[in-house]
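Undergrad: Right, I'll just put the structure down here and ask away after.
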Ligand SMILES: NC(=O)c1ccc[n+]([C@@H]2O[C@H](COP(=O)([O-])OP(=O)(O)OC[C@H]3O[C@@H](n4cnc5c(N)ncnc54)[C@H](O)[C@@H]3O)[C@@H](O)[C@H]2O)c1
Ligand SMILES: N[C@H](C(=O)O)[C@H](O)COP(=O)(O)O
């Protein structure tokens, strides 16, 4: 039987992504690993980290076994030689070309899933290309509404997984209140519930929806978004039969006794939910994009320019992302 094929994008060439992809290839993960990257960059990162890598050109043929270190590559050429730790806007189109190739392959069924190493959003913008993240890039390319969810195995302290989804993703904090709309929340909650049922095999997901303001608005005295927007969206989902609770004050939503009651928490913005998730699981948590017509998982960390080229980057999250992608593909 052929192995499930995972597309691996190596991300920012000056970051830790190429080294992590090489480390994953050196593992015994039972998958047909296809990197979409510059082969010379992968070889250079592997050499620097003392990883033995055997690169082969990707020809599309199915494979039934993969030896440690074996990695097929869709060769994508850097615009400028990469130096670890030093960003170069000239390579931004290269980074986006790797994402586009992965998206097209996953969309056509060529890949069972995409697993992405981190990109640097700033340098892509410095190159004059508007870009806020993989999540938004894949959503736009697929023409779908999506939801960013991070999952930390065992992060709920009761042995369960901590899952945090976001109502808004990469935008300035000042723009958050206006970006939270009733229709948007309803769509986000539907995608979250549907994908927890379809992909995570949770028959009736229990969702905690956080408030936006301190103490969930304190009855309207500390903000009205809970009353005007969040509660009506929750009501709509509940009327449709979903187990959605809230708006819950964010400051106490993550205490273990509260978390036990839920399968996922919907935070209103990036830094309301992700610091908790990363505190609980940094290094082995996984970022999953829900709502895409294909599977996409990613690491819980960024480009770590300070570690690039040192061989000291922890590959735990990329391994977890690849394992989750495989599990989701099998299910
Ligand atoms: N999946 C992604 O593409 C992704 C995720 C998060 C951040 N980013 C981007 O990465 C860039 C840098 O972001 P940042 O500095 O806020 O976060 P970062 O995760 O790159 O670094 C934060 C700290 O964590 C450490 N760290 C990160 N990954 C590590 C690993 N695998 N092993 C050991 N230590 C690790 C770094 O050395 C640093 O001290 C930004 O452009 C950001 O947007 C991308
Ligand atoms: N919000 C993510 C995090 O903090 O880990 C990260 O920026 C990556 O997002 P994309 O997968 O959309 O690039």
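Cβ from N, Cα, C; glycine included.
What TrEMBL lists as substrate binding site is 134, 135, 278, 287, 296. If you look up TrEMBL, you'll see 170, 215, 270 marked as divalent metal cation binding site.
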Undergrad: Let me know how many other Cβ atoms fall within 10 Å of the Cβ of residue 134 (substrate binding site).
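TA: I count 24 other Cβ atoms within 10 Å of it.
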Undergrad: Using the alpha carbons only, what distance in Å do you get between residue 270 (divalent metal cation binding site) and residue 287 (substrate binding site) once rounded?
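TA: Taking the Cα atoms only, residue 270 (divalent metal cation binding site) lies 12 Å from residue 287 (substrate binding site).
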Undergrad: Between the Cα atoms of residue 278 (substrate binding site) and residue 170 (divalent metal cation binding site), find the distance and write it as a whole number of Å.
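TA: Between the alpha carbons of residue 278 (substrate binding site) and residue 170 (divalent metal cation binding site) there are 17 Å.
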Undergrad: Go through the binding-site residues 135, 287, 296 and tell me which ones have a CA within 10 A of the CA of residue 215 (divalent metal cation binding site).
TA: none
Undergrad: Among 134, 135, 215, 278, 287, the binding-site residues in the record, which have a C-beta under 6 A from ligand 2?
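TA: Listed by sequence, the hits are 134, 135, 287.
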Undergrad: Could you list the residues of the same chain, at least six apart in sequence, whose Cβ is under 8 A from the Cβ of residue 287 (substrate binding site)?
TA: 135, 148, 149, 150, 297, 298, 299, 300, 321
Undergrad: Where does residue 215 (divalent metal cation binding site) sit in DSSP terms: helix, strand, or coil?
TA: helix
Undergrad: From the Cα of residue 134 (substrate binding site) across to the Cα of residue 170 (divalent metal cation binding site), what is the distance in angstrom?
TA: 10
Undergrad: Over all shown protein chains, what is the count of other CB atoms within 10 A of the CB belonging to residue 170 (divalent metal cation binding site)?
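TA: Result for residue 170 (divalent metal cation binding site): 15 other Cβ atoms within 10 Å.
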Undergrad: In three-state terms from DSSP, label residue 270 (divalent metal cation binding site) for me.
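TA: Residue 270 (divalent metal cation binding site) sits in a helix per DSSP.
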Undergrad: Name the residues of the same chain, 6+ apart in sequence, whose Cβ is under 8 Å from the Cβ of residue 296 (substrate binding site)?
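TA: For residue 296 (substrate binding site), the qualifying residues are 106, 113, 114, 115, 116, 134, 138, 288, 289, 325.
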